[in-house]
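Have a look at the structure below, then the notes.
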Amino acid sequence: MADSVIGIHDDDRETSAGEADDHFHDECGVFGIFGRQDAAAIVTLGLHALQHRGQEAAGIVSYDGSQFHVERHVGLIGDTFTKQSVIDRLQGTRSIGHTRYATTGGAGLRNVQPFFAELSDGGLAIAHNGNITNAMTVQRALQKQGAIFSSTSDTETILHLVATSKQRDTNARFVEAVRQIEGAFSLVALTSKKMIGCRDPLGIRPLVLGDLDGAWILASETCALDIIGARFVRDLKPGEMVVVTTSGIESHFPFEPAKSRFCIFEYVYFARPDSSVEGRNVYDVRKKIGVELARESPVDADIVVPVPDSGTPAAIGFSQEAGLPFELGIIRNHYVGRTFISPGDSIRHMGVKLKHNANRRMIEGKRVVLVDDSIVRGTTSQKIVQMVREAGAKEVHMRIASPPTRASCFYGVDTPEKAKLLASRMSVEEMADFIRVDSLGFLSIDGLYRAVGETGRDAQAPQFCDACFSGEYPTRLLDFEGADNVRSLSLLATGGQ
Ligand code: AMP
């Protein structure tokens, strides 16, 4: 018998973005817990620790033994899910949640996860981090068979695939669904009897397993376990599906075995520095990145200044390796969201000034090495460099803790289309002119691989997904074939930019 939903509380405010675009955007954090009183309150805390993975909207679904409860709100977890009335509505000992970063367009509440539907054998809620690269193709085929979609999110496709599966048992239906999707997906799903976690065959996005006094937890990052005092058990393996029930946990491997291609950008920028992913502490990796950068691109200077907060660990590594003082020459106002997060160019431009201020006393008359994690459009660097020059720096040298970002991500990290990526249209010298620095250095791709503990990048079989830097995508991109981004792939792959 189908479970009835007693409450779907959708906050009726739409997010700030205007027209929906025709691309799926997901940059998210997921969290789930099975078998614990106040499950939804714990999910709230977990999502709060994962807030850096998405700040526009969030949702939590719980199951109380007879009914599902669904809450979706636009805004930060701390602003929306800490209200007692909201938590009181989310009864039950099992709960999953999702925090979402919506980019320009497609940011309406209808896209906020977890998605929930009543299927023939009961309710199913799904939360997804990643991006399904054949979702539009699958969606069109389903629509031809009469399926109706209520969102522009790729995640809803999974719900439909499970719903239309002819398999009898939930696990088999879920397996049949995930075998039809391609791309990057770390999923957490909830039915009346189970919590399911699943990672795509290449393990592009993270998903970890934790334990809180016997209650199983699934989370995007370990920092979400720390906040509730849970024990880290292990990373889910690429292609692994775990099923948690009242009898315990089982592990399945529904896909053809494949070599892991974890997203290297999680180490560069996306994951929180206090998380450990795939056996490496993110802060350690970022510091090593700084060390590699100092070796590859040394510079005669007086101080090393991070662009806070994203450049800080790499700047520490750089300063230690270079033997130069580390100084907070730029101060960040913590009461503004990530610059990048604001949809719309005009706000984004304004955002940089709202967020950072030069610490004139540290900078005046000095030769400054600025360290940031990446250059995307170049807007942040341009403004920061101007600010540091206006504060009286004698020289400004920019060092970037990753290789040039040349290609868009189709796996769940929000990057603009290729044409808007500064490194896709300019050489390093041209970029240095554009951001008005005395010198500009990026980390090499081999340097990045060394920082994560490899001897270098294996060109024949890369150990990570580094598509944003190399332009080599580890899966086919069915929905995007013919798009500008993809047309230039063959050029990039042969270095023929
Ligand atoms: P831009 O101004 O477009 O060059 O953006 C560069 C800044 O955005 C860097 O300081 C990064 O810390 C940050 N950044 C890079 N990639 C992302 C991303 N996918 N989402 C949010 N912020 C990002």
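Glycine is treated like the rest: Cβ placed from N, Cα and C.
Between the listed ranges 1-21, 85-105, 148-168, TrEMBL ties the annotation region 'Disordered' to 1-21. [4Fe-4S] cluster binding, as stated in TrEMBL, involves C263, C465, C468; the candidate among C198, C409 given for that site is C409. Binding of Mg(2+) is attributed by TrEMBL to D372, D373, and the same site annotation extends, among S310, S319, S427, to S310. Distance between Cα atoms for C465 ([4Fe-4S] cluster binding site) and D372 (Mg(2+) binding site): 21 Å, as a whole number. Sequence-distant contacts of C468 ([4Fe-4S] cluster binding site), defined as residues of its own chain at least six apart whose C-beta falls under 8 angstroms from its C-beta, comprise F265, T405, R406, A407, S408, C409, V413, T415. Counting only same-chain residues at least 6 apart in sequence, those with a Cβ under 8 Å from the Cβ of S310 (Mg(2+) binding site) are Y269, D372, D373, S374.
The two recorded residues C28 (active site, nucleophile) and C263 ([4Fe-4S] cluster binding site) have their Cα atoms spaced 14 Å from each other. Within the set of binding-site residues D372, C409, C465, D372 have a CB atom less than 6 Å from some atom of ligand 1.
Counting only residues at least six positions away in the same chain, the Cβ atoms of A184, I204, R205, F270, Y411, G412, V413, F464, C465 sit under 8 Å from the Cβ of C263 ([4Fe-4S] cluster binding site).
Considering only the recorded positions C28, C409, C465, the Cβ with the fewest other Cβ atoms within 10 Å is that of C409.
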